[in-house]
Amino acid sequence: MRQGCELSTPRQRSKRDTMRSRGLRNPVRNSVGPPDVSADSDAESDSLAKSGFSEEEVEPSTTGWQRRYTIVGLCFFAFLLCNMDRVNMSIAVLPMSVEYGWDNATIGIVQSSFFWGYLLTQIAGGVLADKIGGKKVLGFGVIWWSVATAFTPIAASMGTPALLLSRACMGIGEGVAMPAMNTMLSRWVPKKERSRSLALVYSGMYTGSIAGLALSPGLIAMFGWSSVFFIFGSLGVLWFTAWWGKSESTPSEDPKITEGERSYILANTTARANVDTIPWKLLLSKPQVWAIITCHFFHNWGTFILLTWMPTYYSQELGLNLQESGFYSVLPWIVMALMANVGGWLADTMVEKGVSVTRVRKIMQTIGFLGPAFFLTRLSGVSTVWGAVGCMCCSQGLDAFSQSGLYCNHQDIGPRYSGVLLGISNTAGVLAGVLGTAATGYILETGTWDDVWSVAVVFYLIGTVIWNVFSTGEQVID
């Protein structure tokens, strides 16, 4: 199934893009061993152009499992672990708050402390990934956050300040994941496969939320709340072993890839090599970039509130126990994982039928904003468990259409700098997580859950206006 991140169709590509993408392979690449990785993307394009094939005519010389599938699969599991380690606190915080006597304000600070570190490494992760490659950056991130996760129970026993520091350190590791992944896929995945690959990797986040929320209550019931941190943290070490032995930052660096697959990837990607410098002034001068930044903030305010506070809402507002809160918290993420693929299919179908990428991005993100806004307003009149769960499922399900809107747009407007662009915008998104998660705790000290949802709805509405006025699906950064 094709998803909604495809940058263009053959009839939409410019003449320059078609000419630059012609060719089968550089004759130099027929020599033994991997080719020189220092050549820039323009040189690779020129060498590919000599044989006179368009990118549609360049196909892999082999069938079956390809190296790029391994890269995508490992990125999927990295994101699965990322959200497993992130959401386990939203369940564990219930028995932890009883044991340590935390009020809602303290719970909010503990929940938000993860984002303090997460905020710091977004841009740095994107810059490093674009410059030195995603293998080292993503590998470092996973092993760092896994160790910090396993250390959480020890830190909690030392006191709240130590716990906050441990969670912030975990955020430092997870902060590089999305920018590094974006850079890896921009180097490895051909345009015609990019949407499927992005959808699969991002679904790893939803699957991780499902797994973390589903497994945590049982582990806590059997072994205590500390077990989820020890067990989940150890999984990252296993992933790192596979990643370091199976991945490379670019096809040009991979000695195990076939020449046919390498030529196919190089003929069908724009960002083929690491960049030397980041044109900060150019990036930040584009209104389309600022549209992504601001809308990422408004989108993530609501998303992170639900991610971190949903089990607490079920427990406090609906009177559910730990097991029930965990179960009902899983359901919206299952819907989200399914609807992300539905939204992607709809987006690609519209593009294939001639709808402009810009219009598709605006339609999908408008659904991703207004859908959650509508169903969060319905929560105030809900008095049953299934009514609340239904609103949450619909809210999260329509939120998933953002994967074919906002989250694809970095590669639309500037594919060579997709890692740093995502790092910049996700910094704003993480800031929303820090402020929104902490603010929710303080709002609940004096207000109600309706007040919490009202703030999120206002931000969704503002984001809708900004996105439809300033966003574009066309490349604006060479």
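Even glycines carry a Cβ here, placed using N, Cα and C.
Source: prediction; values computed, not measured.
These come from TrEMBL:
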REGION    1-59  region 'Disordered'
TRANSMEM  69-87  transmembrane segment
DOMAIN    71-475  domain 'Major facilitator superfamily (MFS) profile'
TRANSMEM  107-128  transmembrane segment
TRANSMEM  137-158  transmembrane segment
TRANSMEM  164-185  transmembrane segment
TRANSMEM  197-216  transmembrane segment
TRANSMEM  222-244  transmembrane segment
TRANSMEM  289-310  transmembrane segment
TRANSMEM  330-347  transmembrane segment
TRANSMEM  367-389  transmembrane segment
TRANSMEM  420-444  transmembrane segment
TRANSMEM  451-470  transmembrane segment
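Outside the transmembrane segment (367-389), and at least 6 residues removed from its termini, the chain residues within Cβ reach (under 8 Å) are 298-299, 302, 313-314, 317-318, 320, 328, 331-332, 343, 395-402, 405-406, 449-450, 453, 456-457, 460-461, 463-464, 467.
The stretch in closest packing with the transmembrane segment (289-310), judged by the count of Cβ pairs under 8 Å and taken from 69-87, 330-347, 420-444, is 420-444. The stretches the transmembrane segment (69-87) and the transmembrane segment (164-185) are in mutual contact, each linked to the other by at least three Cβ pairs under 8 Å (pairs 6 or more apart in sequence). Stretch with the largest number of CB pairs closer than 8 A to the transmembrane segment (420-444), among 107-128, 164-185, 197-216, 330-347: 107-128. Within the model, the domain 'Major facilitator superfamily (MFS) profile' (71-475) shows a mean pLDDT value of 89, rounded to a whole number. Sequence-remote contacts of a segment are chain residues at least 6 beyond its ends whose Cβ falls under 8 Å from one of its Cβ atoms, and for the transmembrane segment (451-470) they are 287-288, 290-291, 294-295, 297-299, 301-302, 305, 309, 362, 365-366, 369-370, 372-373, 376-377, 379-380, 405-406, 436, 439-440, 443-444. The stretches the transmembrane segment (164-185) and the transmembrane segment (222-244) do not meet in space: the count of Cβ pairs below 8 angstroms, excluding pairs fewer than 6 apart in sequence, stays at fewer than three.
A Cβ distance under 8 Å defines the sequence-distant neighbours of the transmembrane segment (330-347), meaning residues of its chain 6+ beyond its ends; these are 1-5, 195, 199, 202-203, 206-207, 209-210, 213-214, 306, 310, 360, 363-364, 367, 389, 392-401, 403-404.
With a threshold of 8 Å between CB atoms, the same-chain residues lying at least 6 positions outside the transmembrane segment (107-128) that come near it are 86, 89-90, 93, 96-97, 136-137, 141, 160, 163-165, 167-180, 182-183, 278, 304, 308-309, 312, 419-424, 426-427, 430-431, 433-435, 437-442, 444.
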